[in-house]
């Protein structure tokens with residue numbers, strides 16, 4: 001993979017300078033440049049406009065641009081920092097930074113909280129947790145009965161909802177996640193230290209490869 005100069009970034013689509021992105025994240029300049037190659041691949045898979053649309057994001061994650069999944073939607077929404085329906089290169093790098101092994105645990109916990117807080121109320125409610133558990137199980141090809149899913153939700157609230165008000169606030173979530181590190185197992189991608197051309201999927205062991213694009 002060849003190096004990409006700042007001039008090439010500007011010519012491409014006024015993308016942010018990799019040196020600036022490296023200063024703001026745990027990535028090195030060379031890692032940011034490698035991520036740019038990956039970003040180009042994904043952002044030109046369908047619309048070819050230098051921005052990642054939801055369909056392209058889903059194709060990269062699930063190899064299916066038409067698949068509807070709450071989990072994929074939530075990840076896309078959290079990556080779309082400007083909330084304009086697309087992901088630009090700066091958003092791509094800053095969002096992937098959450099999954100870097102050297103990113104502080106507190107930031108990973110906060111991201112996971114926002115992931116489950118579907119309606120953006122500042123709390124995780126039972127219905128939100130139930131919906132997310134179903135979505136994650138669906139993508140993991142795990143089939144559980146409704147009763148089993150309810151038990152997962154019940155146990156989570158029993159342990160996390162310390163003041164028993166029927167919702168989990170950020171402090172309760174932080175305490176719960178700290179005691180249950182398995183919750184964040186998908187929040188660290190070791191191979192982000194050694195960037196490759198495979199999309200670092202935190203849902204499935206899949207990627208976007210040359211043959212498919």
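A Cβ is built for glycine as well, from the same backbone N, Cα and C atoms used for every other residue.
What you see is a predicted model, and the numbers here were worked out from it, not measured in a lab.
Counting only residues at least six positions away in the same chain, the Cβ atoms of 160, 161, 162, 163 sit under 8 Å from the Cβ of residue 172 (Ca(2+) binding site). Feature annotation from Swiss-Prot assigns Ca(2+) binding site to 161, 163, 165, 167, 172; the stated evidence is sequence analysis.
Under the heading domain 'EF-hand 1', Swiss-Prot lists 31-66, citing a curator's inference as support.
Taken from Swiss-Prot, the feature domain 'EF-hand 2' covers 67-102. Listed as Cβ neighbours of the domain 'EF-hand 2' (67-102) (distance under 8 Å, sequence separation of 6 or more from its ends, same chain) are residues 9, 13, 15-16, 21, 24-27, 32, 35-36, 39, 51-54, 57-58, 61, 108, 111, 114-115, 118, 131-132, 134-136, 138-139, 187-190, 192-193, 200, 202-203.
Positions annotated as domain 'EF-hand 3' by Swiss-Prot, on the basis of sequence analysis: 104-139. As a summary of secondary structure, the domain 'EF-hand 3' (104-139) carries 26 helix, 2 strand, 8 coil according to DSSP.
For the domain 'EF-hand 4' (148-183), the mean pLDDT of the prediction comes to 95. The domain 'EF-hand 4' annotation in Swiss-Prot covers 148-183, and the record cites sequence analysis as its basis.
Feature annotation from Swiss-Prot assigns N-myristoyl glycine to 2; the stated evidence is similarity to another entry.
Annotation source Swiss-Prot lists site 'Involved in dimerization' at 140. Under the DSSP three-state reduction, residue 140 (site 'Involved in dimerization') is assigned to coil, being neither helix nor strand.
Each residue in 123, 157, 160, 162, 164, 166, 168, 169 lies on the same chain as 161, 163, 165, 167, 172 and has a C-beta within 8 Å of the C-beta centroid of that Ca(2+) site, without being one of the site residues. Note: the CA-CA distance between residue 165 (Ca(2+) binding site) and residue 140 (site 'Involved in dimerization') rounds to 31 Å. Across the range of the domain 'EF-hand 2' (67-102), the DSSP-based residue counts are 21 helix, 2 strand, 13 coil. Taking DSSP states H, G and I as helix and E and B as strand, the domain 'EF-hand 4' (148-183) has 26 helix, 2 strand, 8 coil.
Sequence-distant contacts of the domain 'EF-hand 4' (148-183) (same chain, six or more residues past either end, CB-CB distance under 8 Å): 105-106, 109-110, 112-113, 116, 122-126, 129-130, 133-134, 137.
A separation of roughly 26 Å, to the nearest angstrom, links the Cα atoms of residue 167 (Ca(2+) binding site) and residue 140 (site 'Involved in dimerization').
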